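Asks: Take this structure, written in structure tokens, and hold onto it; I'll ask about it next.
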Amino acid sequence: TVCLGVYACQLWEPRSKGKGSENEGKAEKDGASDSETKPDTGLPEVPVTADDTPEVLNKALSGLSSRWKNWWVRGILTLAMIIFFFIIIYLGPMVLMMIVLCVQIKCFQEIIHIGYSVYHSYHLPWFRTLSWYFLLCVNYFFYGETVTDYFSNLVQREEPLRILSKYHRLISFTLYLTGFCMFVLSLVKKHYRLQFYMFGWTHVTLLIVVTQSHLIIHNLFEGMIWFIVPISCVICNDIMAYMFGFFFGRTPLIKLSPKKTWEGFIGGFFSTVVFGILLSYVMSGYSFFVCPVEFNSDHNSFEVDCEPSDLFQLQDYALPAALQSLTGWPTVRLYPFQIHSIALSAFASIMGPFGGFFASGFKRAFKIKDFANTIPGHGGIMDRFDCQYLMATFVNVYIASFIRGPNPAKVIQQLLALRLDQQLHIFNSLKTHLTERGLLEEAA
């Protein structure tokens, strides 16, 4: 019986094995067929970016461990970026706007390149062409709105600009509609799902990158201090959180970014709040930083000269009784903007890092370390500006909610676009209103 059982097993094994091999061969054949047709499923694979650290730094730091080597590379490149930041601030608002535009384009390119790296083998028609076309359309819309809002005198003076301003939104919509139709015409039957993935990819990228850079420029027009202080707070929080985490970090903060620690998060918060108060005190005393950026149509140049508002005038504030007994000061002399800077610093420290966590989750989804290797030790431009974009939205909302009223230039522009009889009616209504309030004397 035992011999018959062994013999039966010997007869059965080759048949089972052969059948399995046959199934495996069929699966391999099916897999090859699937790989040839490229279905709209599967895990993305993004090429790993190579180390782009300058050879000079590699040689100078060759004797250090990888941990300390990374610390020195990040520190040296951070110092270089801060110096570059000071230089562009010195060059004025026009250069700052151009840098914002360049950063926006580079961030867009890095994100779109990830999508192209994942799906380029599928030969999706017009993907990159349409992505850059939509970037052009959205920038035309937003920058056209900016020109209309802040360059009203120039627009009214030049006939071509006046026509473009009048029909700006119609032109923008027509441009977008052209791209939309091009996308529909590019649809390929076996790649429908992937093409709609990439269509959504492009539009979400536009929402994150282009919209936020537009808000940064709007913040800049309110005064360079609204541009410099928020960005500096994010930079300070990034540096100090890294420093506290590097030397004292023990407790992990979030699984999305394992190197982030509670020690770094808390240390970065307090450091950033103190830094924001000190930086605001220094900058509030200079009209170059606090005055709104205005375009002088007579000289065709930007001006930042004005009488600083009450927001940037020193005022006395009474301290709470507990602080009075502790410091011995009944009052403290501050700029009102310093109080606002606490809100900006707190947001940069508490909510700003969530932009970084979002970016970390995105990179983990595609199994990449950085968006690019543009800056050695730091990754791509998007890796450095992931928190800045979230900050830009908050600053714009904060200004609109607590600082800025209606835009007089925009109101005047809308009035000038009315018919003459409508303008005269508004003039008489305004005159009557001012007379009743005693601001104008009644005509004899």
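Indices start at 1 and increase along the chain as displayed.
Cβ atoms are placed via backbone N, Cα and C, with glycine included.
Relevant sequence annotations retrieved from TrEMBL are reproduced here:
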| type | residues | note |
| --- | --- | --- |
| REGION | 15-50 | region 'Disordered' |
| COMPBIAS | 15-39 | compositional bias 'Basic and acidic residues' |
| TRANSMEM | 71-103 | transmembrane segment |
| TRANSMEM | 124-143 | transmembrane segment |
| TRANSMEM | 170-188 | transmembrane segment |
| TRANSMEM | 195-217 | transmembrane segment |
| TRANSMEM | 223-249 | transmembrane segment |
| TRANSMEM | 261-283 | transmembrane segment |
| TRANSMEM | 337-359 | transmembrane segment |
Asks: Which sequence positions outside the transmembrane segment (337-359), separated from its termini by at least 6 residues, show Cβ-Cβ distances below 8 Å to it?
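Replies: Hits for the transmembrane segment (337-359): 225, 229-230, 233-234, 236-237, 241, 254, 256-257, 260, 265, 268-269, 272-273, 275-277, 279-281, 284, 290, 311-312, 371, 382-383, 386-391, 394-395, 398, 402-403.
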Asks: For the transmembrane segment (71-103), what are the same-chain contacts with Cβ under 8 Å, counting residues 6+ beyond its ends?
Replies: 53, 57, 61, 64, 139, 213, 216-217, 220, 224, 227-228, 231, 235, 239, 242, 246, 293, 302, 304, 375-378, 381, 384-385
Asks: Grab the same-chain neighbours of the transmembrane segment (170-188) for me: Cβ-Cβ under 8 Å, and only residues 6 or more beyond its ends, written as numbers and ranges.
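Replies: For the transmembrane segment (170-188), the sequence-distant neighbours (Cβ-Cβ under 8 Å, at least 6 residues beyond its ends) are 124-126, 130, 133-134, 136-138, 140-141, 144, 164, 195, 199.
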